[in-house]
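Structure, as structure tokens:
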Amino acid sequence: MVKTRFAPSPTGYLHVGGARTALFSWLYARHCGGQFVLRIEDTDRERSTQPAIDAILESMQWLDLSWDEGPYYQTKRFDRYKEVIDELIAKGHAYKCYCSKERLEAMREEQMKEGKKPRYDGHCRHDETQHSADEPYVVRFRNPDTGTVAFDDMVKGHIEFQNSELDDFIIQRSDGTPTYNFCVVVDDFDMGITHVIRGDDHVNNTPRQINLYKAMGAAVPVFGHLAMILGDDGTKLSKRHGAVSVMQYREDGYLPEALLNYLVRLGWSHGDQELFSREQMIELFTPEAITKSASSFNTKKLNWINAQYIKTLPVEQLAAELLWHMEREGLNKDNGPDPVLVVKAYAERCQTLKEMAQKARCYYEDFSEYDAAGVKKWIKEGSIEVLERSLAALEGLESWDAASIDKVLEELAASMEIGMGKVGQPLRLAMTGTPTSPGIGDTMLLVGRERTYARIKQAIEHFSK
Ligand code: GLU
């Protein structure tokens, strides 16, 4: 059975690169009917934080990338790592290294001077000296001296390293804590991981890890290294490019469905199809279609995808996410229409739900200011009369629905022999404080009957001055 994992280091929020790695691992497991493991790689105690762990879990949940096992925490597995290290030492695959900092530095300097790549010289491999119990040491893996390490990467194809290029890397630091390259192998082995999908910043670690698997007598998993994500400007994606943390995308009004859809296309394709439901992604995701080259983040495209989802997802689902944004905007949902109505009226008009929540402010809060340019353009001599007659017509309405409102206002425009714009625009200003809103009937429906009357009266008073 295929078993994949996502293994973030909790040293910061989950950024889009990490989320893409998580998505691809998750998709591959789901596509194969396998399992997906979440593991928090928190051995670097200085840089790992609880808020970062919380942010990772929150992001995974928001994206709905569910895991079958975990979250495992490496800090809870120290006994196991110790056990494997002792075993490796006993079998001669690892050894204690007592080399001082000074010696290592001198060695490095010497190697650099000779134009060689700095690497540990294996000095303590055959160390016969007696060491006192309190003398500090690290544990190094005894890497083979000759031969090659090769693997067939799911994305990059055949990759080969010379063992002579690799040195005896540290698997346990002098403070007794195990290192990443070691823990990751023990974990992936213990957890039965069959496919390791991760960023290609780890390609150079892979041969070391493969040698460790072999020393442990463990089966080597299949590796798939994903190419980097670049910013719009071709440089490595970073904070400079705007939002990079998954939860910031939520704050900015993106839907998890849209972000996932956007991320799946960053380095994977299926013909020229752009929109994929979660089910389609799972069905169609094959590693053969993962691209070898780096992909560039494109905010315009993300906005377009988000807009598509706002147009097509069930309104109740959108309303729930809109409510989250309304709360962030300080809007009281009890002081206005059902958010489902806002979604219905605005789904075609917004790229993000944050934008929608901001546009909805006027339906939940009264205001006394009007958009100056709109007023200048639309409030003319006859506007007060238009507002007064609109009020009278609307007060006479039997049924308060969008079609009836539109109809009575169209009739008014016709009877006054003026264009609908001259009726609708002053009313929009009265309803929302701005000259842009959905159809006037829908807008008034959102404002509500009594409030519509009150706002027209307020506008008459305001514009009469
Ligand atoms: N913890 C590593 C990282 O966050 C990932 C390790 C792996 O996937 O092998 O970069």
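Cβ atoms are placed via backbone N, Cα and C, with glycine included.
Curation does not apply to TrEMBL; its annotations are automatic.
Quick look at what TrEMBL lists:
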DOMAIN    1-304  domain 'Glutamyl/glutaminyl-tRNA synthetase class Ib catalytic'
MOTIF     8-18  motif ''HIGH' region'
BINDING   Cys97, Cys99, Cys124, His126  Zn(2+) binding site
MOTIF     236-240  motif ''KMSKS' region'
BINDING   Lys239  ATP binding site
DOMAIN    318-460  domain 'Aminoacyl-tRNA synthetase class I anticodon-binding'
- Message: Let me check the 10 A CB neighbour count of His126 (Zn(2+) binding site). How many other CB atoms are there?
- Response: 7
- Starting from the Cβ centroid of Cys97, Cys99, Cys124, His126, the recorded Zn(2+) site, name every other residue in that chain with its Cβ within 8 Å, sequence order please. Tyr95, Lys96, Tyr98, Gly122, His123, Arg125, Asp127, Arg140
- Cα-Cα separation of the residue listed as 'ATP binding site' and Cys99 (Zn(2+) binding site), in Å? 40
- the motif ''HIGH' region' (8-18) - residue tally per DSSP class, helix then strand then coil: 3 helix, 1 strand, 7 coil
- Near Cys97 (Zn(2+) binding site), which residues of its own chain have a C-beta under 8 A away, given they sit six or more steps off in sequence? Tyr120, His123, Cys124, Asp127, Tyr137, Val138, Val139, Arg140, Asp168, Ile170
- Taking every residue in the motif ''KMSKS' region' (236-240), what is their average pLDDT? 76
- List the residues of the same chain that sit at least 6 positions away from Cys99 (Zn(2+) binding site) in sequence and have their Cβ under 8 Å from its Cβ, in sequence order, or write 'none'. Tyr120, His123, Cys124
- Note on the structure: For the domain 'Aminoacyl-tRNA synthetase class I anticodon-binding' (318-460), the DSSP residue counts stand at 101 helix, 0 strand, 42 coil
- Students should find that the Cβ of Cys124 (Zn(2+) binding site) has, within 10 Å, a number of other Cβ atoms equal to 18
